[in-house]
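In what follows, a single structure is set out as structure tokens and then discussed.
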Amino acid sequence: MVSFKIDGKTVEAEGGMNVLAAALNAGIYIPHLCYHPDLPENESCRMCIVEVEGQEGVVPSCTLPVKEGMEIHTNSEQISRLRTLALELMLAGHPEDCSTCPKYGNCEMQTLIQYIGANSARMRTRTKGAKKEESNPLLIHDMNRCVLCGRCVRACSDLRGVGILKYQKKDLEVLVETLHGKLLKDEDCRFCTACAEVCPTGSIRDKLQLLETNLKKDELLVPCRTACPVHTEIPRYIRFVKEENYDAAAAVIREKAPFPKCLGYVCTHVCEEECRRQAVNEAISIRNIKRYAAERDTGLYWRGKGKQLPDTGKRVCVVGGGPAGMTAAYYLRKQGHTVVLKEALPTVGGMMSYGIPAYRMPRTVVAEEAAVIRDQGVIVETDTRVERPLDLLKEYDAVLMAIGAHSGVRLSMEGSGLPGVLLNIDFLRNASMNRENGIGKRVIVLGGGNVAFDCARTAKRLGADEIHLACLEARDVMTADDEEIEQAQEEGIFVHPAQTFERITGTDSVTGVDFMNVKSFSFNENKQAIIEKEEGSEHHIDCDTVIFAVGQRPQITEETGIILGSGNRIAVKEKSLAASVDGIFAAGDAVYGTKSVIMAIASGRDAAGEIDKYLGGDGDISEILAPVQSPDPCIGKAEGFCSRERKSSIVLSAEERQNNFDKVDYGICDKDICSEADRCLQCDLRLQIKPPRLWTEFSKQKEA
Ligand code: FES
């Protein structure tokens, strides 16, 4: 340690440190602009000049090493004059009107002007004449605002090892540009956006500014993680996959969700919709990467290792063994409670076992991951239907209703009660259990979501000759995943978007459905459907089976003593998930209607936290399983990075898949996995960059 004085105050610092860093650490502000703690110094701005006793003139403190006994002065008439002059020279080439800059109120340069009190009016101002470049993904280059501090150049070269930003001389001006003057995309930019992070002005900035959103900085910058309902650390596990450390990757996923493999098959991957790589070309295939890791996981970091608190003596009953119920049961057990899970059907899994067909969600995978719940100590009772949940309170301290939504909705329309009319969930459950399913040879499915496609594709596999699927929504706003729609069409299913269902025809049994074309379809402010039909578009399709796939509701009545809300859903207090009866909680589809497996897992986690609190715990179900990693900020240059195409999974051909329930999607192949993981922009690396130290922070410290 070295001891020296700054403005009379004794400061201790590690040998080898510079005076500026030592001063900032000691709570003494010295103005600075080109200095950044994560970058090598370049001494270009001279804002940080100080005087050293016994030495002539001034020296930049950002490159002045600390020395035992030295005495530093950060303020004097000379320093003030030279700083003001240097700042005014910078300002002479910077646009005068700050208020039109998107970084207004969030600009380091602006705070420095306030601190030093510079006035550019004394200088002859000039514009650099650089074109504002907005054609790049994610970033705007507005080099007229550049003050040549060089932070972006150093961030690109020294911090990231990419090196595509350089100083270029143009006429009489020096500008920061890409190496060959091309767009970032064409220069193999990695789009880590470190340049925007360190830029002290609005010269290189994000297209989407934080102030334009309601998000926190990390939420905005890592949108995949924000979008994931359980906020899985996506860039972290993708990095482990790139390093071929699949155990660690799977452990990262398991920190937030107990069914990584199931999610690898059927997650609705909302994360991919928000992936920033989309702005460059296509989103990362996040779900496939997750599946690849989960399928190679040996359990090294989590099996028998995660959190398990001592027994609390409290008893919880979870009613329903779908993803919400199993998740809640798993975490409640980890919090030390005795947990009994009661499932009405012969196996757990809920919709993963009885709704989503086996060709999409292999049952062996569900069984394998569900076993982990038992291994954790949850007592599972299958074939156990709970008719009177309130009675459970005699035996248990809390009850979680995670009963899913297992009643199909029958639209009230002419012919809807005819023999041959089936409901989605009954049909899919019967098919899953190899029971009599009731379909004929010509089937019409009414509905346009994933469940409707599950019905249509299941009917195909059960031997129906002709299958039609019709829905109110136009093709581009159908709620089913595109891949579901495309695969169904490849299997010969006729898809009819934008149709009204006028009536189901037939007297003794179904003979067909009358339709009309929809001209427009929207919802009013009361969420009522407003449908405009196309005049004279009446048409009819023959069939012997109609399957309603227009929604599902929880199988429950108010006779249980629990208050229900709209759609027969269990009414809960929004935050606590507490139902109307003390000690009863609800989660998953039973609360919000059918959504997705990952939403159910998120709801199960919330319920576990809330019930734990109710039982006297702290409600903290978080756990760290994977090794804590300090990712290398130096990502380096990667040739052709921006043009690397998204790798898809291997899918069986329509001929191979349409007659059986065998797995359809084989995931991403060994050859492609590394390059797909390597397409990730690693947006989270930017959060490692230290924030700027502004004088306002130091004045607050003084006040405090
Ligand atoms: Fe030291 Fe710029 S010269 S901060």
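Each Cβ is built from the backbone N, Cα and C atoms, and glycine gets one as well.
What TrEMBL lists as domain '2Fe-2S ferredoxin-type' is 1-78.
Counting residues of the domain '4Fe-4S His(Cys)3-ligated-type' (78-117) by DSSP class, helix then strand then coil, yields 27 helix, 0 strand, 13 coil. Here TrEMBL flags 78-117 as domain '4Fe-4S His(Cys)3-ligated-type'.
Annotation comment: TrEMBL describes 137-167 (among others) as domain '4Fe-4S ferredoxin-type'. Sorting each residue of the domain '4Fe-4S ferredoxin-type' (137-167) by its DSSP state yields 12 helix, 6 strand, 13 coil.
Taken from TrEMBL, the feature domain '4Fe-4S ferredoxin-type' applies to 181-209 (among others). Residue counts for the domain '4Fe-4S ferredoxin-type' (181-209) by DSSP state, with H, G and I taken as helix and E and B as strand, are 9 helix, 3 strand, 17 coil.
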